[in-house]
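Inspection log for the structure reproduced underneath, given as structure tokens.
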């Protein structure tokens with residue numbers, strides 16, 4: 001077994017205090033997202049999306065956050081993908097934003113709700129044309145005999161859609177994750193990290209500090 005126990009670091013970028021917290025967690029998330037973008041982090045919108053299958057086996061993958069507001073967090077995917085199939089059976093999911101250079105992370109527990117075709121189309125039309133074509137090509141999570149099969153289909157579809165707009169595939173969609181709780185983690189000195197969790201109580205958010 002490879003021993004990694006000597007890899008460690010100190011966290012000294014500053015703490016997080018109760019007095020600094022807004023009542024709405026999405027306000028704090030918006031601030032932290034802005035700061036992550038201003039710091040020019042690599043893929044600041046990247047988040048880990050966790051789902052479970054019908055046997056309770058968890059799966060995780062990195063997906064890009066495309067929109068957020070007070071209602072929740074939006075991402076898009078192939079509706080035939082493993083994540084979409086698992087959401088159809090159990091829409092409870094978790095999201096995780098790992099902003100390591102800022103010594104921060106955000107964890108979200110919530111329920112995924114399918115977006116309307118109108119909402120999906122509105123976003124789909126903003127994608128680069130090659131990305132739109134790629135959505136038609138990949139049967140996400142299915143097995144491939146070789147990469148050449150995927151590339152061949154891409155160029156076939158690229159020729160097919162050479163003129164005009166690329167239509168929205170019926171098997172491509174998106175989700176709004178409505179948060180039930182949002183935890184903010186800020187690294188602290190001596191491993192005394194600051195953790196605050198917002199838990200939804202009807203129309204209000206309850207704020208609690210958690211032990212590190």
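In case you wondered, yes, glycine gets a Cβ from its N, Cα and C as well.
These come from Swiss-Prot:
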{"type": "BINDING", "residues": "8, 9, 10, 11, 66, 123, 127, 131, 191, 192, 193", "note": "substrate binding site"}
{"type": "BINDING", "residues": "61-66, 76-77, 82-83, 105, 140-141, 185, 195", "note": "FMN binding site"}
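Between residue 191 (substrate binding site) and residue 61 (FMN binding site), the C-alpha separation comes to 28 Å.
In this structure, residue 191 (substrate binding site) is part of a helix by DSSP.
Residue annotation for substrate gives 8, 9, 10, 11, 66, 123, 127, 131, 191, 192, 193. The furthest Cα pair among them is separated by 44 Å. Of the listed binding-site residues, namely 8, 61, 82, 127, 191, the sparsest Cβ surroundings within 10 Å are found at 8. For residue 10 (substrate binding site), the same-chain residues 6+ apart in sequence whose C-beta sits under 8 angstroms from its C-beta are 189. The shortest Cα-Cα distance between residue 65 (FMN binding site) and any of the binding-site residues 8, 127, 193 is the one to 127. Of the listed binding-site residues 66, 193, 195, the Cβ environment within 10 Å is emptiest of other Cβ atoms at 66.
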